[in-house]
Amino acid sequence: MWVCLQLPVFLASVTLFEVAASDTIAQAASTTTISDAVSKVKIQVNKAFLDSRTRLKTTLSSEAPTTQQLSEYFKHAKGQTRTAIRNGQVWEESFKRLRRDTTLTNVTDPSLDLTALSWEVGCGAPVPLVKCDENSPYRTITGDCNNRRSPALGAANRALARWLPAEYEDGLALPFGWTQRKTRNGFRVPLAREVSNKIVGYLDEEGVLDQNRSLLFMQWGQIVDHDLDFAPETELGSNEHSKTQCEEYCIQGDNCFPIMFPKNDPKLKTQGKCMPFFRAGFVCPTPPYQSLAREQINAVTSFLDASLVYGSEPSLASRLRNLSSPLGLMAVNQEAWDHGLAYLPFNNKKPSPCEFINTTARVPCFLAGDFRASEQILLATAHTLLLREHNRLARELKKLNPHWNGEKLYQEARKILGAFIQIITFRDYLPIVLGSEMQKWIPPYQGYNNSVDPRISNVFTFAFRFGHMEVPSTVSRLDENYQPWGPEAELPLHTLFFNTWRIIKDGGIDPLTRGLLAKKSKLMNQDKMVTSELRNKLFQPTHKIHGFDLAAINLQRCRDHGMPGYNSWRGFCGLSQPKTLKGLQTVLKNKILAKKLMDLYKTPDNIDIWIGGNAEPMVERGRVGPLLACLLGRQFQQIRDGDRFWWENPGVFTEKQRDSLQKFSFSRLICDNTHITKVPLHAFQANNYPHDFVDCSTVDKLDLSPWASREN
């Protein structure tokens, strides 16, 4: 467990938020001392990482993995991400050890040579992981080299950006709620599960659907989110605190921060005292070390670049391709086909948790550019559509340009698919999320600006979780007449987690895609926030295991990430900052909800950003309140304007290519990549069959003729 240094003299001499930027302020820790400390910590952390990987493989090889183990499969860091997180953990543990040891001999000046420490750990300054070719017309897989002045800006496996300084209990890494007697702004923070029970939960599913948004609207939000950010969990770095202690005995310590159940919680009878919770992976601090507060990693590129299709690391990108073909194709499933159309390939690295959902079918999880692709089957369906579209584009481009080799075809198809995702998001999705606030936060495009920081902010990873309020309790599968498909046409949401067999063995993606088009999202309601399917049964695909609470996880994660409170973000966005119950009632326009929040948090200053932002009434024609409109709008504007390869930036595509791209629609993508023949023109709006549906023959096709090379 973290032990907060309590020497008054130390606290008077150096704050935890600011450490001088000098390479060697003092010689309290010699190079030898640093080297010795780092060596010892590396042994400890490396063992923890190895033990964790071994344990995960062993438990998933059993016939009964726990909910935590299923979750861990997708939140488990891999590749370069794992290395970056391991270095971050070694740095932090070494810093704690050196600070503790050096203060014993030099209380008046305990500063460390942080540059030497970073070098010894293997951190160093952020540099591109690939060689930059400034003349390349294509993005790198890692996101490096986009900004020529700062090539690592927006790249994968770097820290999430901070728009406001982190707020931790100890100023460095401990989340609020870690120490029972510690307060925040004079008040103890409420249990995350208690907030979920009293504010987020509801029982009656009647009247919760959004009469103006399709289910695809919800699903596209998850696609965009997975393209932009992913913060895997870290490992326990101490021998004193095992994952078993965390999961089975709720013993808090190291990077275990269990979500405790309040009194009278029904889960106390079935799940013990808590839900296990492991803290997010973090990276080394970077020069000039103005802050040593823990900074969480973004394992994927910050750009809206279809990284969830192609990956954010070269090794994964290569694994996803069909390199035996000269057509620039992505690899597809060789064991199963969807009536002649391709599925995502299986991730055949054993073990696969998806196999345990139906032990008779034993269908593995899918392999995609994002490891979360099999988390739920609507997400897997969307991934499948994007994979098919890449291969369709590559084949069509080959017809136009027979002389193009596989690499050229792959890169051009990847470039076009990335543009599709950008266009659909900014033209079709964001305007009906931000509503009347769209033009305020995302004005018309003025071109690339290399001074704009495109990195995903830490707060955005919580703001964009508004989509959890849009998930309905059931998912429907529909036939070619948009009527219920089969005897199990409507499935409870919780049965669809990791459920790849429902796609492979039970109908393919067409019935699910029709459900996305013709069924509705859930409407965010101040009295009915998150369905019980997510609030009590998250990652509970079978009755044999207990589900998690996504709302409580979101709240605990806010604290894990050191998120400033509700009013800090209201101030950041230029909005009023309510200080009293009456003030909060005015902002929320809901006396009952305001009182519930004040009873729990005591002050609006302490309200966690996820619940505070989502509690606000929605802006006109939008699906978020003023605070989330600000945070989301600001982030998407920076993603667009700070991207040198943005589809509208002159030189990325020709004028004729841009004209062609603008005619693309998600409905056309479905027509081209499924057996579906009837689609709505506005796929994110709520649509009723047959009134709002048209034949695919009337939907504009993408004209690829502007991509014909002059060399033909």
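Yeah, the Cβs are placed from backbone N, Cα and C, and that goes for glycine too.
The signal peptide feature in Swiss-Prot is assigned to 1-22; the stated evidence is sequence analysis.
The N-linked glycosylation site feature in Swiss-Prot is assigned to N106 (among others).
Among the features that Swiss-Prot reports, N-linked glycosylation site is placed at N106 (among others).
Annotation note: C284 (disulfide bond) sits in a coil segment as assigned by DSSP. Among the features that Swiss-Prot reports, disulfide bond is placed at C123-C284 (among others).
Under the heading disulfide bond, Swiss-Prot lists C132-C145 (among others), citing experimental evidence as support.
Marked as N-linked glycosylation site by Swiss-Prot: N212 (among others). Under DSSP, N212 (N-linked glycosylation site) is assigned to a strand (E or B) in the three-state scheme. Summarising the environment of N212 (N-linked glycosylation site), the number of other Cβ atoms within 10 Å of its Cβ, over all protein chains shown, is 15.
Sequence annotations record features per position, and here Swiss-Prot assigns N-linked glycosylation site to N212 (among others).
For D225 (heme b binding site), applying a Cβ distance below 8 Å and a minimum sequence separation of six or more within one chain yields F464, G467. Residues or ranges marked as heme b binding site in Swiss-Prot (evidence: experimental evidence): D225, E375, H468.
What Swiss-Prot records for H226 is active site, proton acceptor, and it gives similarity to another entry as the kind of evidence. DSSP assigns H226 (active site, proton acceptor) to a helix. If you draw a 10 Å sphere around the CB of H226 (active site, proton acceptor), it holds 22 other CB atoms from the protein chains shown.
Taking a C-beta cut-off of under 8 Å and a sequence gap of six or more, D305 (Ca(2+) binding site) has these contacts in its own chain: R139, G143, D227, G418, I421, D643, F645. For the recorded site, D305 (Ca(2+) binding site), the DSSP three-state label reads coil. Sequence annotations record features per position, and here Swiss-Prot assigns Ca(2+) binding site to D227, T301, F303, D305, S307.
Here Swiss-Prot flags C246-C256 (among others) as disulfide bond, drawing on experimental evidence. DSSP classifies C256 (disulfide bond) as strand under the three-state reduction.
Less than 8 angstroms from the CB of C250 (disulfide bond) sit P258, M260, G272, K273, C274, P276, each of them six or more residues away in the same chain. Look at C250 (disulfide bond): DSSP puts it in coil. According to Swiss-Prot, the feature disulfide bond maps to C250-C274 (among others).
Taken from Swiss-Prot, the feature phosphoserine covers S315. In the shown protein chains, 12 other C-beta atoms lie within 10 A of the C-beta of S315 (phosphoserine).
According to Swiss-Prot, the feature N-linked glycosylation site maps to N322 (among others), an assignment based on experimental evidence. Annotation for N322 (N-linked glycosylation site): spatial neighbours L329, M330, A331, V332, criterion Cβ-Cβ under 8 Å with sequence separation of six or more.
There are 26 other Cβ atoms within 10 Å of the Cβ belonging to C354 (disulfide bond). The disulfide bond annotation in Swiss-Prot covers C354-C365 (among others).
As annotated by Swiss-Prot, N-linked glycosylation site applies to N358 (among others). Counting only same-chain residues at least 6 apart in sequence, those with a Cβ under 8 Å from the Cβ of N358 (N-linked glycosylation site) are N499, W501, K505.
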Spatially, and counting Cα to Cα, which of the disulfide-bonded residues is closest to N212 (N-linked glycosylation site)? Options: C256, C573, C630.
C630
Taking just the CA atoms, what is the gap between C573 (disulfide bond) and F303 (Ca(2+) binding site) in Å?
23
Shortest C-alpha distance to S307 (Ca(2+) binding site) - which of the recorded positions H226, C365, C630:
H226
Quick one: of the recorded positions C145, R372, N449, which has its CA closest to the CA of H226 (active site, proton acceptor)?
R372
Cβ neighbour count within 10 Å of C284 (disulfide bond):
24
In this structure, which of the recorded positions T301, S307, N449 has the fewest other Cβ atoms within 10 Å of its Cβ?
N449
Which one is closest to H468 (heme b binding site) in space, judged by CA to CA distance, out of the recorded positions F303, C354, C365, R372, Y482?
R372
Between any two of D225, E375, H468, the residues recorded as binding heme b, what is the biggest Cα to Cα distance in Å?
14
